[in-house]
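A.B. asks: This is the structure I want to talk about, given as structure tokens.
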């Protein structure tokens, strides 16, 4: 065991190896590691932000759902109110219509009655004249008494 | 399990396993096996990490990328925790030390005769496959770290500041400058020495125990080698981590201005 030139050879190769390691081995590996660390940190930050966003979105969705429910109840209320109103209006209209129809019917009946009465009166006058003619056939000139008959008819 | 014809005795077998494949004379001896395995493992580590780095995606990573990123992030975390300053060299330096030393230590878990015996068949007389059991390798690493400590001390504090740190530190009085200098120098020199010896000692001892276990009859070796290997998994990771950790701490201290 003696100290010899092997020492120098080892020292030279050591220097070369360290130089090579520093120049070509360390930087790419360190870069890759640091870049990945940054990526992972970013990803984690994104994940936590997404989680917060999710909570917010859920709260918002719940609020909106509640609001929608309230709105729906309002709409239903308004609709039922409106329905009652429409039904009431229709009832009212129908009553008015009914009254109108009844009034019209009565007017028609009245007119018909009037017409029938007139007819009857005319026929009664004719009958009365016919009767009177028969009674007073001989003595009374039809032509002479025509004005009386007309007067009677008018009075009937 | 003895390997060579000339080394059938136990001490010969151990001696054989502890001899490096060397060329050259005196100081200019090169341990071919240590350098080959050390550079090979370092290149393997950098090649794999480089490939992963080129194909690294920011999205869902593959299994290999995950593994590499765990290591990178682990070292980065350690550096951020113990190194208070801005220096782009420290973290890659820590990663290189950790993975490289770990890979070199891991060679210890390969059964002691597999590769040397295969090499012997191909005519290679000696082969020590665990680079960190070679004091030259660990000293090469720790002296590089020592050089960085001195370099950054001077760069951050200036020559004046560094000299002050060496001469005015524990006792802030001009008369005690020599004592301070001796104390601080010992502290400074002890750093690389202890780094190198700690790693070398642990791995050398571990390897030696594996070699001793290999001397037992083949059918009984597993009784000892399996528990020792399992325990050793802890040791190799721990030693790689300690080497990295202490390097970071020493360099952090070098960056601190008093």
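Backbone N, Cα and C atoms are what each Cβ position is placed from, and that goes for glycine too.
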A.B. asks: Among the residue ranges B:177-198, B:199-220, I'd like the one that TrEMBL describes as transmembrane segment.
C.D. replies: B:199-220
A.B. asks: Have a look at B:135-154, B:155-174 and point to the one annotated transmembrane segment in TrEMBL.
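C.D. replies: Here TrEMBL associates transmembrane segment with the stretch B:135-154.
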A.B. asks: Tell me which range among B:28-50, B:51-73 TrEMBL lists as transmembrane segment.
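C.D. replies: Per TrEMBL, the stretch marked transmembrane segment is B:28-50.
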A.B. asks: Going through B:28-50, B:199-220, B:226-251 one by one, which has the most CB pairs that fall under 8 Å from the transmembrane segment (B:89-107)?
C.D. replies: B:226-251
